[in-house]
Amino acid sequence: MTTHWNRKDQHIHLAEMQYNETSSNGLDEVRFIHQSFSEIKTDDVKLNTTLGSLSLDYPFFINAMTGGSEKAHVINQNLAMIAKETHLAMAVGSVSVALKEPSTIESFKVVRKNNPDGLIISNLGAHHSVDSAKRAIDLLEANALQIHVNTPQELVMPEGDRDFTNWLSNIERIVKNVQAPVIVKEVGFGMSKETIQQLLDIGVGVIDVSGRGGTNFIHIENERRDHKEFDYLLNWGQTTAESLLEAHFYRKQADFIASGGIKNPLQMLAAFGLGAKAVGISGEFLHMILTKGNQVSIEQIESWKEELTFLMTMIGAKRIVEIERKPIVLSPDLVNWCTQRHINFKHQ
């Protein structure tokens, strides 16, 4: 077993170990105002959405998880089969290992093999070159590329990167030189308005804010350390809700994805209410396939589609983009966040 294989399997194990049925992503602090007359019917509701030039049949998708080991191969195969059956888009974990170790390539290529017509998103870290980005896209015949940014994880990871000086310039080169759409995503630490402005300045048009509240990679990497000395950083970063508020001013300039601990359609609705165009889910889907299997996972996804349709009917929203125009109330904590961060939150 290679070092990469061992680390990938550790990540899967530790991610599942920290799974919690509740989340602290802040989306439960967003409340919609009930209106007695929605004046639409369920047949009026359409769940499709867009992210830049990408068209998604449904507004939630299987977000980046894994790849690079035998266990990851099985997980990616199952996720691809689920994505095909449910018509969800799917992102893979970082393909960096596949670019270095050819023996791991099949753990990624299995996704396209099992979902030949699906919307597949490849994934690489921000330090990679344009050539690596093109290879990552070609490897999966991917429709898009995620570039993940994960400074805290790298620093806590015993064997992680320590030099982050060229990340923005690397991303800019990739955006300008690859044909596929590029999505920049955090990995559970959230994004600030300053970060979002930096990404807009280099031409990024789709951003996954990936807030705190779901899988915690500081926790995962800290568990891999001999002395586990970074316990005090477990609450580092902005929650998913806080990150979407940080993005509020920029909704006309980019399309935003919400991810980070999203557990159910009501939290999806809250994310859409804060301006997200789509929702990415990782930990919940990983837990489903590991504990319940593919068929139950498919049934849960189909149920979520129906439930989200019902919720949109309740608030009178026929399209995802209409949800952010519906009245909501924020918790005192979120209002305080807006005040201190000088965020003028208001609906369109």
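Each Cβ is built from the backbone N, Cα and C atoms, and glycine gets one as well.
Fair warning: this is a prediction, and the values are worked out from it, not measured in the lab.
In TrEMBL, the FMN site is described by ALA64, MET65, THR66, ASN123, LYS185, SER210, THR215, GLY261, ILE262, LYS263, SER282, GLY283, and among SER36, SER94 the residue recorded at this site is SER94. It is ASN123, among the binding-site residues ASN123, SER210, whose Cβ has the fewest other Cβ atoms within 10 Å in the structure shown. Of all residue pairs in the FMN-binding list (ALA64, MET65, THR66, SER94, ASN123, LYS185, SER210, THR215, GLY261, ILE262, LYS263, SER282, GLY283), the one with the greatest Cα separation is 23 Å apart.
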